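Some notes on the structure that comes next.
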Amino acid sequence: MKYLLALDQGTTSSWAILFTLEGEVVAVAQRAFAQHYPEPGLVEHDPWEIWESQLWAAKEALRRAGVGPEAVLALGIANQRETTLVWERDTGRPLHPAIVWQDRRTASLCEALRERGLEGLFRARTGLLLDPYFSATKLLWLLERVPGLRERAERGEVCFGTVDTWLLWNLTGGRVHATDPTNASRTLLFHLETLTWDEELLRVLGIPKALLPEVRPSDGDFGETLPGLLGAPIPIRGVLGDQQAALLGQAALGAGEGKCTYGTGAFLLLNTGERPVWAEGGLLTTLAWHLEGKAAYALEGSVFVAGAAVGWLREVGLLGESHEVESLARQVEDAGGVYFVPAFTGLGAPHWDPYARGAILGLTRGTTRAHLARAALEGVAFSVGEVAWAMAGAAGLGLKALKADGGMAQNDLFLEIQADLLGVPVLRPRVTETTALGAAWARGIGAGALSLGDLPALWREEARFLPRMPEARREALYRGWRRAVERAKGWVQEG
């Protein structure tokens, strides 16, 4: 029997999941790694911890399954996007900690580019906004701040990559410096329609092209693992950014189909077919994938904080463990007038305000831990609701249902709240780690074992959550939410 091995490298941990060709989970392994916050608004990872945790997870998944590497048809990668790394081409030594997608240190760089009137150019070429979220200004910051880095980059001595590229480099022993279009499309340097690095944007930012990885199709040939890593070489046949992998794993293959992945942040993607749809309101135009020789596009809306809101409750002592949030929040019927705006690192779509910060409003002497727990869940659900309706309107589609996956999708109360605040059913698949499943399916396609047309029949619904809240109540809650968001905006003052 042959298997597919998915490496799912996330913001807080690295996963490896072994699947059958039909998408059934055989074994799972996960290892967490440290987040570093050197200053407010700065978020970093140790590149070696990313690699070592991912390698451990891959070995452990095979061990738990009792499967040797020769039984693995192919390996695929899904990864946190935008996170930016640079390393020496000769030695593979990282030259700075990885700057994580959540990091806001380049807000002033983005503002300077906007003041130069460049937002329209970047939007037209990449589908993205000038925001610290994306890789380009992180890379520019490194080139300006790390001594000697620009000179070495111009001589071709330095590699830049997102996390997929860093993993590929290490899996292949430095033989492959590559990425796929979904990851490239999140850098602010990639032309959405030509599917190439954009020479004009590189000139505008002063980024040497010699730094950049080769772009290969999402189901392309990315080499094979070094024999000593997993016991024998394994072909690498699929690479996708994590949110695009989840869209594929939800079998959202047609225009108008979409999903929301609830991880550290919440990420909504709506498939728009073979042509990009350009939208306002903070929505992004992006690649869904490049599979079977064709590109598919999507609209994306990002909520920077989702599961991280529950993590914050735990860190400040309101919860013992994250999973306790559901039972605690069930102790109350509502949030008691409390609004929790989870803008710890700014606001994503539809607001895109890097200067916003988190806020809890409406506190009284009667507010309890349970009210705060429920308000945190509602804050994430409100944020997702704003994005979902904006996305459906921009694409000219009615919102009929939302497919949910990721860690928070295991929380029944949260999905009940999400359905109530959206006013449409929320569907949970049997395999909720659809990011890894999408990576597995991409590599199955790359290995010739699957086709896109096979995927809808392999997707299974596990649960359906129906809205029960009266429309008048929903509208009243949203009015309060909008007031709370306005209080959180523009909180950080430059200088």
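From the backbone N, Cα and C atoms, a Cβ is placed for every residue, glycine too.
Pulled from Swiss-Prot:
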type: BINDING; residues: Thr11, Thr264, Gly307, Gly407, Asn411; note: ADP binding site
type: BINDING; residues: Thr11, Arg81, Glu82, Tyr133, Asp242; note: sn-glycerol 3-phosphate binding site
type: BINDING; residues: Thr11, Thr12, Ser13, Thr264, Gly307, Gly407; note: ATP binding site
type: BINDING; residues: Arg81, Glu82, Tyr133, Asp242, Gln243; note: glycerol binding site
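Take the CB of Ser13 (ATP binding site) and look out to 10 A: across all protein chains shown you find 15 other CB atoms. Annotation for the binding-site residues Thr11, Thr12, Gln243, Thr264: lowest Cβ count within 10 Å of the residue's own Cβ, Thr12. Annotated pair Tyr133 (sn-glycerol 3-phosphate binding site) and Thr11 (ADP binding site), C-alpha to C-alpha distance, rounded: 14 Å. DSSP assigns Gly407 (ADP binding site) to a helical segment in the three-state reduction. Sequence-distant contacts (6 or more apart, same chain, Cβ under 8 Å) of Gly407 (ADP binding site) comprise Tyr262, Gly263, Gly307. The full span of the recorded sn-glycerol 3-phosphate binding residues, Thr11, Arg81, Glu82, Tyr133, Asp242, taken as their largest Cα to Cα distance, is 15 Å.
Cβ contacts within 10 Å of Asp242 (sn-glycerol 3-phosphate binding site), excluding its own Cβ and spanning all protein chains shown: 29. For the glycerol site listed in the record, the two most distant Cα atoms among Arg81, Glu82, Tyr133, Asp242, Gln243 lie 15 Å apart.
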